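The feature domain 'Stalled ribosome sensor GCN1-like HEAT repeats region' is assigned by TrEMBL to 98-250. Residues or ranges marked as repeat 'HEAT' in TrEMBL: 14-52, 91-129, 168-206, 207-245, 246-284, 328-366, 367-405, 406-444, 523-561, 562-590.
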Amino acid sequence: MAASDSGTDESLYPIAVLIDELKNEDVQLRLNSIKKLSTIALALGVERTRSELIPFLTDTIYDEDEVLLALAEQLGNFINLVGGGEFAHCLLPPLESLATVEETVVRDKAVASLRAVAAHHTPQALEQHFVPLVQRLAGGDWFTSRASACGLFSVCYTRVSAPVKAELRQHFRSLCQDDTPMVRRAAAYKLGEFARVVEVEYVKSDLIPMFVYLAQDEQDSVRLLAAEACATVAALLPPEDMEQLVMPTVRARAGDTSWRVRYMVADKFVELQQAVGPELARSDLAQIFQGLLKDTEAEVRAAAAGKVKDFCMNLDKAHQEHIIMTMILPQIKDLVCDPNQHVKSALASVIMGLSPIVGRHNTIEYLLPLFLTQLKDECPEVRLNIISNLECVNEVIGIQQLVQSLLPAIVELAEDTKWRVRLAIIEHMPLLAGQLGQEFFDEKLTGLCMSWLIDHVYAIREAATLNLKKLVEQYGATWAETNVIPKVMAMSREQNYLHRMTYLFCINVLSEVCGKDITTRVLLPTVLSMADDNVANVRFNVAKTLQKMAPYLDPAVIQPQVKPVLEKLNVDPDVDVKYFASEAIAGIAG
């Protein structure tokens with residue numbers, strides 16, 4: 001008897017520890033115990049997890065939000081620990097309680113876990129356990145439970161019987177008309193997702209009226225979510241119903257009194273264009289888009305400007321050029337001189353993409369003057385965005401048309417006070433090198449590339465060394481020996497030790513692309529001579545560089561030239577120099 005008692009005590013031990021820890025005053029201890037739930041469930045076995053652990057957790061849901069959040073997350077992964085899909089419904093009670101708490105993050109995580117658990121229910125179990133839970137939440141007294149219910153309709157709708165589907169649609173309609181804005185907001189947010197799983201005839205009869213109702217809500221936060229659902233709803237309808245059921249809402253929201261709603265329409269405009277098809281895009285959307293491009297709010301203009309290229313590209317080919325030249329281009333001309341830099345920057349990131357769409361003649365006549373204006377803009381982001389997208393124009397008209405304006409813009413950006421701007425222009429140098437040609441690059445830009453190697457910001461010096469590597473890959477080792485290596489080698493004799501270190505960083509990358517001959521004949525002697533540098537940081541970087549160079553050197557020089565230098569560094573008084581020298585010796589030997 002005593003033996004069986006001790007066995008029972010032992011099997012109760014995990015849950016006893018959990019109870020102690022969950023009642024502990026220390027939040028961190030409680031949080032840790034929740035994170036170990038899966039281990040405890042494994043120790044208890046599936047039957048006791050269902051009969052003891054889950055009811056215990058359901059009864060103890062009153063805690064700090066971070067503990068509840070961890071619990072909601074853990075329960076979503078508990079399917080196998082309660083015995084698989086057949087017993088998935090055991091997890092619903094604690095998750096239902098968590099879906100009603102005040103903290104939004106906890107509710108959202110509980111809903112995400114409920115959605116995951118729903119997938120493991122059979123159709124019968126859904127109707128028996130899951131749908132009643134959705135109905136309880138949807139009819140709850142607190143707005144928190146009703147808001148959570150909105151996210152659960154779509155996961156169970158497709159697998160239940162027709163009468164239950166009708167009930168679910170009725171509940172969703174009630175939530176769309178709820179007195180609390182937070183619930184209507186949740187319904188508007190999930191409307192598109194629910195519409196995707198509902199049959200088309202019920203989308204038209206039940207959900208479109210709700211969509212129209214939410215799109216006219218007094219709260220702009222609800223209207224903007226309804227505007228976001230426009231594209232999803234439109235994509236579900238046959239073309240003949242689009243004009244009557246969706247377009248009035250699109251027109252109304254594009255002219256909404258709240259700029260946030262108009263912003264959402266602009267942000268989702270390309271998805272909407274693809275959903276309504278070319279006919280309506282031409283007859284209605286082009287005019288609406290034109291209005292958004294000249295909106296009174298800069299945020300709306302910026303969102304619309306960023307969509308210009310995609311909108312124009314998706315237009316019906318037969319009318320594309322006409323719409324661009326008569327409706328879009330006049331607005332673009334105004335936006336190029338917009339007082340807001342974000343609008344100009346958004347436009348600059350896409351305007352070059354119009355070149356392939358409108359062709360050579362229109363690019364030269366209409367777009368080129370706009371590119372040149374933006375290349376002279378006072379805002380560095382605008383100039384940078386134009387330079388970043390030169391490829392599109394190069395394909396259509398060649399870059400020579402822009403060269404005279406390009407050069408001053410590149411030089412200004414290269415010397416900009418903001419280091420991130422300098423960094424961005426460095427990253428575009430290899431692309432420019434390919435488009436401008438070697439002769440022009442040597443004459444105008446090689447000096448610029450070398451000046452970045454002595455920039456006061458380390459990130460710029462690092463990017464400049466990688467830039468050299470890419471340029472050598474493009475122009476070849478002979479070009480490097482003539483144009484780059486002599487200038488780089490001069491840095492090894494600089495007074496500033498940072499410049500001498502940058503020289504070593506350059507050698508690290510150049511040895512990979514210059515070939516065995518140049519690396520052994522030209523680069524190696526200078527590196528070896530720097531082993532006697534009076535700064536320890538330089539000496540240990542010599543050891544690191546020799547290790548990196550070794551695979552690209554002529555094997556005949558390793559023993560007579562490289563090894564003696566490394567052995568000398570290996571007895572250096574500085575501990576770091578010794579460490580890196582020994583690492584290099586081991587690396588080369590290996």
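Glycine is treated like the rest: Cβ placed from N, Cα and C.
Each residue in the repeat 'HEAT' (523-561) gets a DSSP state, and the totals come to 34 helix, 0 strand, 5 coil. Helix, strand and coil counts under DSSP for the repeat 'HEAT' (328-366) come to 35 helix, 0 strand, 4 coil.
Sequence-distant neighbours of the repeat 'HEAT' (562-590) (same chain, 6+ residues past either end, Cβ-Cβ under 8 Å): 524, 528, 531, 536, 539-544, 546-547, 550, 553. Same-chain neighbours of the repeat 'HEAT' (207-245): 169, 172-173, 176-177, 181, 184-185, 187-189, 191-196, 198, 200, 252-253, 256-258, 260-261, 263-265, 268, 271-272, 274-277, 279-280, counting only residues six or more beyond its ends whose CB sits under 8 Å from a CB of the stretch. Residue counts for the repeat 'HEAT' (207-245) by DSSP state, with H, G and I taken as helix and E and B as strand, are 33 helix, 0 strand, 6 coil.
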